[in-house]
Structures are given as C-alpha cells and as structure tokens.
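Trainee: Before I ask anything, here is the structure I am working with.
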Amino acid sequence: MFYPEHFDVIVIGGGHAGTEAAMAAARMGRQTLLLTHNIDTLGQMSCNPAIGGIGKGHLVKEIDAMGGLMATAIDHAGIQFRTLNASKGPAVRATRAQADRVLYRQAIRTTLENQPNLMIFQQPVEDLIVENDQVTGAVTRMGLKFRAKAVVLTVGTFLDGKIHIGLENYSGGRAGDPPSVSLSHRLRELPLRVGRLKTGTPPRIDARTIDFSQLAPQLGDNPMPVFSFLGNVDQHPEQMPCHITHTNEQTHEIIRNNLERSPMYAGVIEGIGPRYCPSIEDKVMRFADRNSHQIFLEPEGLTSNEIYPNGISTSLPFDVQMQIVNSMKGMENAKIIRPGYAIEYDFFDPRDLKQTLESKFINGLFFAGQINGTTGYEEAAAQGLLAGLNAARYAFDQEGWFPRRDQAYIGVLVDDLCTLGTKEPYRMFTSRAEYRLMLREDNADLRLTEIGRELGMVDDNRWAQFSEKVELVEKERQRLRDIWVHPKADNLEEINQLLKTPLSKEANGEDLLRRPEMTYEILKKIPRFAPGIDDSRPQAAEQVEIQVKYEGYINRQQEEIEKQLRNESAALPIDIDYKQVSGLSNEVIAKLNDHKPTSIGQASRISGVTPAAISILLVWLKKQGLLRRSAS
C-alpha cells in the first residue's frame with residue numbers, strides 16, 4: 001500500500017549522514033521523511049567515541065556554520081575537548097572531543113524529534129521506486145510505499161554488510177544490526193558502478209579490569225574549546241581523562257604467529273580498508289621496524305565502564321584478541337566485553353555523482369556518507385548536509401549548489417570524490433586542500449553562514465549572532481587602524497618595552513598587531529588601545545588577530561584563487577561524447593568519457609588530462625555554444 005502523505009524528500013538511514021540530510025531538508029521547509037531501521041540508533045557512533053581532529057574538525061565547523069547539528073550535539077556530549085596543533089598556525093589547528101555515546105545519541109534524537117517538517121518512521125527499506133530514470137519513492141520491508149520528489153541514500157556499512165571475526169563471518173550492518181541485502185541487490189540493478197570496501201573496530205574493554213595506575217593520563221585542554229559557533233563551555237558535561245598504553249614486541253609476536261587466522265591475510269576479505277586507520281595486524285606488518293605502537297584508552301561515556309582502545313582495530317579471532325589486549329602494560333588482567341571485528345560492505349563509485357551528490361543516471365537520487373567510499377562520522381555528516389540541501393532544492397525545481405574547493409573542506413571532499421573517485425575509504429586531511437589558509441576552523445562561519453542563510457538553512461538566532469560578530473570585528477579593525485602612534489611622541493616607553501625593536505616610524509594599531517611578538521590580548525591592555533573587544537567575545541577577538549596578522553598571506557592566496565576560478569566555473573554538459581572533440585588523445589577521451597566531469601576545473605584535476613587538452617576543450621565548447629557558468 002502507499003502511505004497517504006506525499007513527501008518532498010525521503011532520507012534512508014539515520015546515521016551521521018542521514019540525520020544531517022534530514023535536518024537540512026526540513027530546515028529548508030520541505031516535508032521530509034527519515035526512514036531508519038531503528039529509531040533508537042539515530043546518530044549512533046558505530047566506531048570510535050570522538051568527533052573532530054585534523055581536517056575533520058574543519059568539516060564539523062563548516063557543518064555548524066550552515067546550520068547543521070553535529071557541532072551542537074558534541075558540545076552537549078563531549079567529555080574531553082582538545083585543540084590539536086595548537087602551537088601551529090591557525091590553518092591547521094583542529095578541535096577534537098571525546099564523546100559520551102549515549103549523550104551524543106540523545107542530543108541528535110532530541111533535535112530531530114523537535115524539528116518542524118520532519119517525520120521519522122522505523123522500517124528497513126528494501127527497494128526504490130524508479131520510473132523513467134527518476135526516483136519517486138521507497139518501499140519498506142512490510143511493503144509500505146512512500147512517495148517523494150527526491151530520495152537521499154545514507155545507508156553506511158549496511159549494504160550487503162558482512163562481519164568478520166577470525167575466519168568466521170556472518171551478515172550484518174554493524175554488530176547487533178542486520179544488513180540491507182535486498183536494497184543492495186536492487187541498487188546493483190541500476191546503472192551504477194559498485195565496489196566493496198572494508199573497515200574495522202577494536203575490542204571494547206571493561207574499565208574496571210584495567211590498572212590505570214600504570215598508565216599515563218591524557219587530559220583535555222583548559223580552557224576548553226567549543227565546536228559550535230553558538231556554543232559555550234557551560235554546555236559541556238563532566239570531563240574525563242584518556243590514558244595511554246603501548247603495544248610491545250610480545251604483542252607483535254602474538255600477531256605475527258596468528259596471521260594465517262586473519263581474514264585479511266587469509267584472503268577471505270576482498271574489500272580494501274582505510275589507509276589512515278589500519279588494523280593492528282596491518283600496522284605490525286607494514287611497519288615491521290617499529291617495536292611499539294601508541295594505544296589511546298578512550299572512555300565511552302560518563303555512565304559506562306566500556307573503554308575504546310584506539311589503535312588496535314582487528315579482525316583476528318577472539319582468543320588472539322585476548323592475548324593482544326593482555327600483552328600491554330596496565331592491561332594484563334583486562335577483560336574484553338565486545339570483540340573487535342572487520343566489516344565489508346558495498347559502496348558506489350562517487351564519480352557517478354554530480355557535485356551536488358545527485359546521481360548522474362537516476363534523477364532525484366542522492367548519495368551521502370560511506371556509500372560514497374568515505375570513512376568517518378564527519379565526512380559522512382558533511383555529505384549528508386550537502387545531499388539534503390540539494391535534495392530539498394531539487395524537490396522545488398531549484399538549481400543545485402555545492403561549495404568550491406576554495407570555499408570549504410566540504411568542497412574539497414566532494415570534488416575529490418566526484419572527480420577522482422576512490423579505491424579505499426577516503427578521509428579528510430588539511431593536506432588535501434590547496435587553500436588551507438583560507439579554509440580555517442575559525443572562519444568557517446565567515447565563509448559559509450551567509451550562503452547557508454540564502455539557502456534557507458540558517459535560522460534567525462544564528463544569523464543575528466553571526467551578523468553581530470562580523471560587525472564587531474569590522475568596527476574593531478577600523479578602530480585599530482584609526483589609532484596612530486609616532487616614534488617621537490611622549491609616553492611611548494610602555495609600547496617599546498613590548499616590542500623587540502622600538503618604533504622607528506609612525507604606526508597604527510594594526511601595524512603593531514602584525515609584529516610577531518604582539519598579540520591582541522597584549523595590545524588591548526595598552527591604555528591607548530584599550531578597551532578592545534570584551535573577553536566574553538573570544539571568537540571576535542581571535543578573528544581580529546588572525547585577519548590582521550595573516551592579511552598579506554591571505555591576499556596572495558586570494559589572488560591565486562581568482563586566477564584558478566577563471567576556468568573552474570566553465571560547466572560541462574554530462575552527455576558530451578568526447579570522441580567528437582578533435583585534437584584530444586585517445587587516453588584523454590577515455591578518461592573524460594569515464595569520469596564525465598561537470599566542469600572544466602573538475603576535468604583538469606583528472607589524472608592524465610593535460611593543460612593542452614583543457615585548452616582544446618575550451619575552444620570546442622565555445623564553438624559549440626556550450627560554454628556556461630556552473631551552479632556554484
């Protein structure tokens with residue numbers, strides 16, 4: 001039977017991608033349906049209990065800047081907050097938080113259940129309704145049919161998922177949850193390229209059986225950072241330490257002696273695992289010269305005795321897992337309460353997607369999260385937000401939107417995926433971005449909140465606070481530019497004492513702040529430059545200092561971006577047959593026909609497509625009258 005109500009957007013899956021997608025569409029005023037196999041696992045952290053990190057924290061800030069929910073949820077659920085790379089420049093500083101799994105899940109569910117325009121329904125989805133290359137709905141296991149103008153697939157590791165512990169395996173979406181087998185088979189019938197990937201998780205340990213007195217604690221930062229631009233430290237719950245232990249030669253010998261029982265090394269697992277989060281057996285074999293690896297013992301929550309040993313993800317048999325755990329310092333008597341495992345699952349080649357994350361072959365069908373070959377909560381959430389907002393726009397016949405590489409790490413993420421594809425689980429790093437200085441955590445709101453407002457995703461409260469911050473920063477910078485000091489003026493001794501070299505020429509407040517030894521906090525304590533921005537507005541104060549100190553570098557990078565954009569925005573029709581373009585080599589023709597890039601910029605980043613080929617393509621497009629601007 002058909003459900004009586006028609007929806008604008010259906011989101012399938014309630015993980016990190018699905019929850020952001022559903023929220024984005026609903027915030028934009030679309031009637032949205034979130035279909036999940038279990039309402040109790042909305043926002044579930046399937047692997048490590050943490051949000052953020054290098055590159056990942058940047059994504060969370062961008063999600064927040066556009067009105068997403070991940071940053072707010074972790075501010076209410078984080079039990080240890082740290083700023084990584086704090087001693088380095090602002091471009092690579094990143095926020096990370098350990099999470100209480102229960103509090104995080106509660107924060108996500110509460111937000112979803114109180115969001116207007118959003119209905120949640122518990123039923124596994126087994127089929128899509130596709131008519132004339134257009135998705136029109138979804139069918140659940142009980143045969144209930146839901147109709148919608150757009151559908152977002154965010155099914156994580158559930159597509160034909162297979163869990164491995166040693167040489168034993170069974171079907172599963174994650175431990176304790178069934179896989180989506182029927183939906184996987186249905187998707188394989190569509191004209192989409194499909195592959196298999198693998199990820200893994202470590203055994204969970206009973207904290208009461210660990211001797212923490214032997215281990216070094218790792219404490220959070222004080223003062224604590226916050227994730228959301230609207231957040232504050234008062235939202236954080238009680239804080240907890242992590243602890244550090246290490247593998248040793250005995251650990252490594254146990255692993256080497258049991259490799260034939262590893263499904264990876266026995267050839268049972270076909271999927272490729274994440275390069276930057278390898279299993280412990282992979283680390284021991286790939287880094288044979290290392291006699292020790294650092295393991296972080298991370299608490300799973302304030303009311304839980306479970307410990308997540310970050311660094312020993314494994315699919316070895318349970319008896320070997322016990323030996324590995326007990327071989328480490330402080331863990332001699334530790335008990336495992338959940339075994340580690342590997343999971344294989346289907347993913348779909350993201351090169352078959354537009355950069356809006358809509359399928360190139362099925363109109364109105366959007367993909368987000370691990371189904372696109374990524375790994376990580378943050379990468380999934382970022383895609384979910386983008387897919388959700390574009391599904392919402394599609395439902396109202398509006399043109400899609402996506403950020404450029406110079407606008408956001410979300411833009412880097414989708415461009416990498418849709419242009420290059422991936423053969424292994426993709427994770428974000430700051431090193432993937434060409435314009436890191438422009439894509440900082442601290443300015444994510446300055447880059448994206450105005451866009452989010454135009455798209456209908458940013459509410460009045462966020463917009464008011466953002467506008468006030470922008471005005472405060474602009475006024476303070478103007479104030480500093482207007483205050484001048486002369487080297488021969490009286491009472492300069494106080495200023496010169498703060499400088500490595502005394503003033504030799506007239507300078508204003510911004511000139512002084514550009515000096516390496518000067519900070520905004522010091523500057524505003526000088527009577528002439530007091531009072532400055534109040535201590536209750538640290539984001540605005542930080543923005544003044546960064547904008548002033550890095551202005552020259554930022555301006556140079558902006559010039560580079562403007563040069564790049566001249567060709568970036570030339571859009572390419574998807575249905576071009578590149579054999580028609582005379583002058584292109586057979587290799588270039590094959591790669592362009594395979595990738596089907598949607599812009600000249602995207603085409604230029606395909607391996608083997610030369611600058612000469614791009615020039616030929618631009619000339620051909622102009623002759624054919626096909627040269628036009630892209631949606632971004």
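Here the Cβ of each residue, glycine as well, is placed from N, Cα and C on the backbone.
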Trainee: From the candidates V92, V125, V233, give the one listed by Swiss-Prot for the same FAD site as G13, G14, G15, H16, A17, G18, S180, Q370.
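Mentor: Between V92, V125, V233, Swiss-Prot records just one in the FAD site with G13, G14, G15, H16, A17, G18, S180, Q370, namely V125.
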Trainee: In whole Å, note down how far the CA of Q370 (FAD binding site) lies from the CA of E281 (NAD(+) binding site).
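Mentor: One finds 23 Å between the Cα atoms of these residues.
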Trainee: Using a 10 Å cut-off on Cβ-Cβ distances across all protein chains shown, tell me which of the binding-site residues (R275, K283) has the largest neighbour count.
Mentor: K283
Trainee: Round to the nearest Å and give the CA-to-CA distance linking K283 (NAD(+) binding site) with Q370 (FAD binding site).
Mentor: 23
Trainee: Given the binding-site residues G13, G15, E281, which one's Cβ is surrounded by the fewest other Cβ atoms within 10 Å?
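Mentor: Each of the binding-site residues G13, G15, E281 was scored by Cβ atoms within 10 Å; lowest is E281.
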Trainee: List only the single closest residue to Q370 (FAD binding site), chosen from the binding-site residues G273, R275, S279, F287 by CA-CA distance.
Mentor: G273
Trainee: How many whole Å apart are the CA atoms of F287 (NAD(+) binding site) and G15 (FAD binding site)?
Mentor: 34
